[in-house]
Each structure stands twice: as structure tokens, then as C-alpha cells.
Amino acid sequence: MTAKHRGAQAEASAPAGALPADAAASRVAWLREELDRHNYQYYVLDAPTVPDAEYDALFSELMALELEHPELQTPDSPTQRVGGEPLSAFDSVRHRVPMLSLNNAFADEDVLNFDRRCAQGLGRTAPAAGEADLFSAADAVEYACELKFDGLAMSLRYEDGRLVQAATRGDGETGEDVTVNVRTIKAIPLKLRGQAPAVLEVRGEVFMFRRDFDKLNARQAEAGEKTFVNPRNAAAGSLRQLDPRITARRPLSFFAYGLGELQGVERPPTHSAMLDGFAALGLPVCKDRAVVKGAQGLLDFYRDIGKRRDDLPYDIDGVVYKVNALAEQERLGFVSRAPRFALAHKFPAQEMTTVVEDIEVQVGRTGAITPVARLRPVFVGGVTVTNATLHNEDEIRRKDVHVGDTVIVRRAGDVIPEVVAVVAERRPADARAFVMPTACPVCGSHIEKLEDEAIARCTGGLICAAQRKQSLLHFAQRRAMDIEGLGDRLVEQLVDQGIVRTPADLYKLGVAKLAALERMADKSAANLVAAIDKSRATTMNRFIFALGIRHVGEATAKDLARHFGKLDALMAADEAALLEVNDVGPVVAQSIAHFFAEPHNVEVIEQLRAAGVHWPESEPVAKSPAPLSGKTFVLTGTLPTLSREDAKELLEAAGAKVAGSVSKKTDYVVAGAEAGSKLDKAEALGVPVLDEAGMLALLAQAGAAPAEE
């Protein structure tokens with residue numbers, strides 16, 4: 001700890017009121033500097049150095065001192081973010097430098113044409129139409145590439161380093177003055193760091209991180225208030241509140257990406273240097289950006305971000321390309337209220353509107369009855385969508401979805417399409433409300449809904465063909481028994497024709513019977529029989545997972561296998577014994593005990609054993625902390641000898657948690673070849689990075705042996 005920090009700590013021990021005026025002024029100045037520094041490390045560097053409780057203590061002390069000494073309070077103090085009295089309306093603001101929109105590109109050809117126009121405008125020899133990167137290295141145009149955030153465009157005006165005005169984009173010429181609201185956003189500095197220009201107008205985006213959006217909606221729902229459709233709507237609605245105290249409670253963030261008016265300093269030579277300058281002044285700047293040359297560089301950036309889009313912590317709807325040299329931007333100029341030097345390359349829309357033509361119910365593996373909206377076909381998220389999940393009856397009531405409604409449908413990545421909201425003003429007069437059936441549409445069994453559950457279930461069990469089909473598909477999946485070639489259509493035929501009723505029946509199948517089925521030939525039938533035969537040798541944890549016990553996923557199956565060692569011991573365990581297993585609580589214990597108490601399930605297990613399904617067994621392991629218990633790992637890149645799944649199994653077997661993204665709570669990142677942004681973030685946060693050898697050495701040091709396969 002430095003002398004400065006030691007002195008500050010000593011002063012902190014004295015009550016605020018006990019400090020004389022000079023000491024209070026000194027302490028207030030130090031507290032503001034510390035809070036600004038912590039905000040910079042958190043919002044700009046994404047590398048917080050103190051826990052939230054310590055930050056809150058510093059903030060509370062500053063607030064107490066300012067109350068005790070009101071003459072020390074200043075507009076740029078961190079305490080002034082809480083929001084003042086409500087406004088009657090927002091004033092209009094005329095932008096000194098217009099906030100122009102960008103032209104859009106939706107296809108590669110649009111990008112090639114953009115690059116060609118830029119090259120020609122700068123007097124360079126352009127390639128022929130439809131060809132990319134035929135320039136020499138010297139002739140290729142250099143571009144700055146960044147993300148196109150799905151939020152609300154904002155202009156921040158700083159004078160002598162202090163925030164004096166914030167305005168929305170509006171029509172590009174005139175926006176709304178939202179300064180009082182923007183001052184509540186912790187990511188936006190009220191005072192810039194270092195030597196700030198006399199006037200600096202920063203353009204950027206106010207948005208909401210997905211994690212913060214989810215928490216906000218959870219709070220809204222808990223309070224019985226309206227939830228938001230998406231983070232963009234939440235950000236826009238929060239920023240345009242007439243009561244800034246409401247805005248202060250909303251988790252808004254900000255990224256800077258452009259420059260308006262500038263006085264007192266020379267403009268930087270390039271757009272990328274400008275962004276680096278913003279970060280040095282304490283403004284948050286997105287790290288997912290690059291400088292590339294030529295059209296191929298632009299397309300490579302677009303594809304790289306497209307692959308990672310669903311893993312980003314915020315919503316984007318495309319990427320933006322800008323000629324990097326500011327002097328070249330000026331040469332290219334503007335056309336039709338848009339810059340010639342910039343282009344927005346859009347991703348396929350993740351939200352679209354369409355019409356609900358019907359609402360049907362599907363029956364899942366555990367009997368769950370899921371309402372599904374049958375939609376008028378719509379292209380969203382890169383595919384044509386005709387169905388969307390409605391989750392459960394309560395969700396339909398909450399969203400007020402009727403047959404005939406126009407709805408907003410969202411599809412992101414591999415996520416199942418869902419209806420996120422109804423466009424109420426477009427509801428037709430003949431719209432029909434959904435009524436949950438009382439009997440299963442597949443087997444006719446009674447549908448029941450327990451008081452403490454949101455999901456209704458068919459009570460038919462394996463009598464229900466729909467549940468049998470889903471159970472067989474689960475049993476055969478790669479992470480369970482790994483029976484390659486057993487897909488939906490084949491399972492449909494096997495169940496509908498009465499050939500297979502339980503998983504054990506799969507091991508009785510022969511080539512002749514399979515080859516007689518639709519779309520099956522001798523070769524594909526032989527391949528499937530071979531895959532079924534191969535699956536006889538498995539592991540205990542895979543077998544447990546394959547059984548489809550409710551609430552038992554892969555991780556719990558591994559814990560059960562390690563704890564009991566033998567399947568018979570697990571089957572004989574009562575709820576009290578099951579509660580001795582790591583991470584098994586009362587609900588899971590009850591579900592497991594109930595499953596093995598069902599005679600039909602025991603009979604199927606014995607049939608599977610009789611069919612030759614086997615696995616190595618071991619002695620029970622007493623409940624004790626695993627060597628890496630409590631540690632969080634993130635895997636990125638390609639490891640030299642282990643697949644990512646193998647590495648994950650080794651770490652989980654040692655008690656570690658394997659997460660999908662890097663945060664300040666991550667203990668280690670294991671990086672292989674072609675590691676991407678996760679490695680960059682780990683290095684920025686100071687998270688230890690291991691290669692495969694380092695991970696194996698850590699496992700060996702912890703006494704964790706590789707899991708048997």
C-alpha cells in the first residue's frame with residue numbers, strides 16, 4: 001500500500017463531522033479522485049480493482065462529507081449522479097456538428113462497391129467490379145472497423161474537461177437535452193482525465209448490457225411492472241424519463257465512437273488514434289475493433305464478429321467501417337446526408353414482426369406441455385421461422401398472446417425463436433385467446449399442473465408416444481449414449497410402428513428391420529446397428545445422464561457417478577443419502593429417488609444391462625471438497641491434444657466450474673491455438689492464462705486424475 005493510501009485510510013477512520021474544513025476539502029478531493037479512478041478501471045479498462053463494498057464505502061463517505069460541508073459540493077462530483085427533480089419536458093438542442101446516419105450494406109457486393117468508391121475518391125487505382133483486394137499494399141485503403149451497437153445515439157459536450165451537455169441524435173440536426181439523465185450514468189465521466197481540450201464533443205451509444213437488462217426485467221416483473229422487449233427499448237425508455245431519479249436506477253452504459261466539435265487541440269491523424277485518445281481521457285471505448293486494409297479485411301472483420309455475435313455481452317446489429325485517416329475522410333466528404341467514408345454492414349435482423357396463425361402444444365421428454373405459436377413464415381436471424389416457443393400458459397397470459405395477433409419474434413444464434421411481445425394496436429376483432437387443453441393431445445392422458453410449478457405436464461409417462469420419442473432422442477444424443485444416426489425421423493417411425501417402446505429395444509434392432517423403414521438402405525441400417533453396438537461400452541455418468549432423470553444434467557450425473565461408484569448403490573440410495581452428493585439439493589434428490597422407485601424404470605435398466613450395456617465401476621467416494629472446488633475456468637482456442645469437451649470433463653471432475661465467458665470472477669483461462677477475444681479480456685483483467693500443459697500440471701498438482709472413459 002502506498003503512503004498516499006495509508007494516509008487516506010487513517011483519515012477515513014475519523015467521522016466526517018470531526019474533520020476541520022481544510023482536512024475535509026483535502027479528503028473530498030482524494031475521495032473524488034479515487035472514485036473517478038475506480039470508475040475508469042471498471043468502465044473503461046474493464047478491470048475493477050476493488051470490491052463493490054469498498055467502492056460503496058468510499059461513495060458513502062464522500063456523500064456524508066458533502067452534506068457536512070455543502071460548500072465543497074461540485075456539479076462533477078460522483079455523488080451528483082443520483083438524479084434531481086422531474087422535468088416537464090426536454091429542451092431542444094441544435095447540434096453544432098450534425099449527427100448524420102450511415103448508408104447500409106447487406107451483402108458482400110455492397111462492401112466491395114464501398115471500397116471501390118473510397119479508392120476512386122482518393123485517386124487510387126480501383127479493382128474491377130466484383131473483385132476484392134486487387135490493390136497493391138500501398139494502394140489499399142486503410143479502414144477502422146468497429147461494432148454497430150443497438151442502443152441510442154448520444155452526443156456529449158465537454159468544456160474544459162467537464163460534462164456540460166448531453167443530447168440525443170433526434171433528426172441529426174436537432175436533438176433533446178437529456179443532460180440531467182446522462183449525468184446519472186456511471187460509465188460516463190462527469191470530468192475527463194488528464195489534459196482535456198477546451199471543447200470536446202463525443203459521439204457514442206447509450207446501451208444496456210444483456211446481464212443488466214435481464215436483472216432489470218426480473219426486478220420489473222417482481223414489482224408487477226411492465227417488462228421491456230429488448231435492451232435497446234430499455235435503454236431508450238430509461239434515458240428519456242422525465243424523472244432522472246428513475247434513470248439513475250436503470251443500469252445504462254456507454255461506448256464512445258465518434259467526434260463532433262473539437263477546440264483547443266489538433267485533431268488526431270486517424271479514427272483509431274481518436275478512439276485511443278477517448279480511452280485516455282476516461283471515456284469507455286469498445287475493445288472489439290480493428291484496423292484493416294481493403295475490402296477483404298472488412299469482410300473478414302464482419303465474419304469474425306458474426307461468429308462471436310451471440311457471445312458478446314451486448315446487442316449489436318452490424319459492424320461499421322470508416323476510412324481511418326481523418327484527412328482522407330475530409331477528402332471523401334458527404335453525399336445525401338451520409339458520409340462517403342463510412343458504411344454500416346448490417347447482420348440479418350434478429351427481431352421481426354409476423355402473425356400468430358395458431359397456438360398448439362408440444363409434449364416433451366418429461367411430459368412438459370409447451371405452447372408453440374405457429375407463425376406466418378418470416379425471415380429472422382438468418383433463417384425462415386414458422387414456429388416460436390411461448391414457454392408456458394403463464395407466459396402466454398403475461399404477454400397476452402392471441403391467435404391472430406401481430407407479434408415481435410426474436411431469434412438469436414441457435415436460440416429457439418420466441419415471441420417477445422404483442423403489437424396490441426394491430427389485434428384483429430376476431431383474435432382468439434389460448435385455452436390450455438385438459439388432456440394430452442398425443443395420448444389423451446390427463447394434464448396436471450402442480451401449484452409450485454409454471455409448467456403443465458402430461459401424466460401418461462411412457463404410455464405417451466411423444467414422451468417416448470423425446471426420451472429415445474435424449475438417450476441417443478452425443479453426450480449420453482452417443483448413437484450416431486438415430487435422428488428425429490427414424491425415431492418417429494420406430495415409435496409409431498411399435499418397433500421400439502423403451503431404450504432397451506434399440507439393442508434388439510437388426511439390419512433387415514431397419515432397412516425396411518422409409519429412407520433407410522442396407523448401408524445406413526448397418527451403420528446404425530454398428531453405432532448401437534458401439535454404445536454398449538459407456539461410462540456410468542453418461543448412462544445416468546442418458547436415463548433422462550428429471551433435474552439431472554451432465555454435471556449432476558458426473559457427481560452421482562463419482563459419489564456412488566456403482567449404479568446399484570445409486571439405485572438403492574434414499575433421499576438422505578442422495579443429499580450427501582455434492583450440489584444435490586432436496587428437489588433433485590426427490591426426483592432421483594422417485595425415478596428409481598418406479599418399477600418400470602428399474603425393469604428398463606435391467607433390460608439394458610442384459611443387452612450388454614456396461615461401464616467401469618469404482619468404489620464410492622466420500623463427500624469431500626474436490627481439489628479445484630470453487631475455481632472457475634474458461635476454455636478458448638484449440639488445444640493440441642484434448643478436445644474442449646475432454647478438457648471440460650477433466651476440470652469438472654476436479655470440482656471446477658467451466659464458464660463460457662471471462663469476468664473478474666474467472667480464476668484461470670485455458671488458451672489454445674487461435675484463441676480470440678476471451679484471451680484478450682483475460683489479459684486485460686489480469687486473469688492467469690494456462691496452456692494445455694499448464695492445465696494438466698495444475699490438475700496433477702491438485703491430485704486430480706483424468707476421468708475414466
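Quick reminder: no glycine exception, Cβ is built from N, Cα and C everywhere.
According to Swiss-Prot:
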- K148: active site, N6-AMP-lysine intermediate (ACT_SITE)
- D52, A53, E54, Y55, D56, S101, L102, E146, R169, E205, K322, K346: NAD(+) binding site (BINDING)
- C440, C443, C458, C464: Zn(2+) binding site (BINDING)
- 623-709: domain 'BRCT' (DOMAIN)
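Closest to D56 (NAD(+) binding site) by Cα-Cα distance, out of the recorded positions K148, C440, C443, C458, C464, is K148. Following the DSSP three-state reduction, the secondary structure of E54 (NAD(+) binding site) is helix.
D56 (NAD(+) binding site) has a Cβ environment of 11 other Cβ atoms inside 10 Å. In the three-state DSSP scheme, R169 (NAD(+) binding site) falls into the coil class. Here the Cα atom of the residue listed as 'active site, N6-AMP-lysine intermediate' is found 46 Å from that of C440 (Zn(2+) binding site). For C464 (Zn(2+) binding site), the same-chain residues lying six or more positions away in sequence with a CB closer than 8 A to its CB are V363, G367, C440, V442, C443, S445, C458.
Counting residues per DSSP class in helix, strand and coil order gives 29 helix, 16 strand, 42 coil for the domain 'BRCT' (623-709).
Around the Cβ of K322 (NAD(+) binding site), 21 further Cβ atoms fall within 10 Å across all displayed protein chains.
Listed in sequence order, the residues of the same chain lying 6 or more apart from E54 (NAD(+) binding site) and placing their CB within less than 8 Å of its CB: none are present.
In the three-state DSSP classification, C443 (Zn(2+) binding site) falls within coil. In the three-state DSSP classification, K322 (NAD(+) binding site) falls within a strand.
Within the same chain, residues at least six positions away from L102 (NAD(+) binding site) with a Cβ under 8 Å of its Cβ are V320, A338, P339, A342, L343, A344. In sequence order, M99, L152, A153, M154, S155, G175 are the residues near R169 (NAD(+) binding site), counting only same-chain partners six or more apart with C-beta under 8 A.
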